[in-house]
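Annotated features in TrEMBL:
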ACT_SITE  P2  active site, schiff-base intermediate with DNA
ACT_SITE  E3  active site, proton donor
ACT_SITE  K60  active site, proton donor
ACT_SITE  R265  active site, proton donor
BINDING   H94, R113, R156  DNA binding site
DOMAIN    2-116  domain 'Formamidopyrimidine-DNA glycosylase catalytic'
DOMAIN    241-275  domain 'FPG-type'
Amino acid sequence: MPELPEVETVRRSLAAHVVGQQIVAVDVRRSDVVAAPEHGEMFPMALMERTIEGLERRGKYLLMALSDNLWLVVHLRMTGRWVLTAPETPEPAHTHVILRLSGGQELRYTDPRRFGRLRLVSADGLALCPGLSTLGPEPLDPAYRPEHLAEALARRTTRIKALLLDQHVIAGLGNIYADEALAMAAIHPDRPASSLTTDEVACLYQSIQRVLQAGIDAKGTSFRDYVDGEGQKGAFQEQLWVYGREGEPCRRCGGTILRAKRGGRSAHFCPYCQV
């Protein structure tokens, strides 16, 4: 699933090309990827002749600002992609929505598993949009400080990995970057959140920031489906400490990386130096 660095990379790669362009045609192939408006035929009508005024990100959500105070809210979920391409480029399988732009290019939404959702909302309704309205703070926001993380962890007996994945607690972290941040901070994913010392919380805060920024700098992590808005793969998979490295040596201590199931998700960690 695209996490904060991947969605931010998609945002940046698209913004340079689509902001200021007008949507001149809309082709919806699968109406079930459109969450709102509920009647699929209203979706293309609402988008027609709108100008793309900006692209923003909130957690794992991509937000497209359109003219006349309308927003297109997108969650890519597991396999969703937005790719800008020339109209003559062959369409990949599972292309569900195409926005044709005034500059002659097409913005194509593909999603093999169809878990992603597109939702049109008014500016007034954006704050109440399902999913968005309950998101926690942005971890890369300068206003987000170690004390905010400490407050979120205090008196919580939940495993620290599970708490980092809770989008109400902190927005944008998923399996990859939660595992990587915990590995960098040398914290075991099964530790109760409230058991972390003040120094460990500060270290985890720094690790979250470092790993997310490194992911953005590398343009995301590509294993199977993820590409940016220009169809390019990311490179952060080459820098991973633990995620996807089961059975390989730890980059810090040389111990063997383990993978364990926790609540239906996998946790990758070093049992020797993560305590």
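Quick reminder: no glycine exception, Cβ is built from N, Cα and C everywhere.
All TrEMBL annotations are machine predictions without curation.
Nearest in space to E3 (active site, proton donor), taking C-alpha to C-alpha distance over the recorded positions H94, R156, R265, is R265.
For H94 (DNA binding site), other Cβ atoms within 10 Å of its Cβ number 17. Among the active-site residues listed (P2, K60, R265), R265 has its Cα nearest to the Cα of R156 (DNA binding site). Sequence-distant contacts of K60 (active site, proton donor), defined as residues of its own chain at least six apart whose C-beta falls under 8 angstroms from its C-beta, comprise M1, P2, E3, L4, V7, H75, L76, Q167, A171, G172, G174. If you average pLDDT over the domain 'Formamidopyrimidine-DNA glycosylase catalytic' (2-116) in this model, you get 96.
Within 10 Å of its Cβ, the residue among the recorded positions P2, E3, R113, R265 with the fewest other Cβ atoms is R113. According to DSSP, the domain 'FPG-type' (241-275) comprises 0 helix, 12 strand, 23 coil. Cβ neighbour count for R156 (DNA binding site) (all protein chains, 10 Å cutoff from its Cβ): 17.
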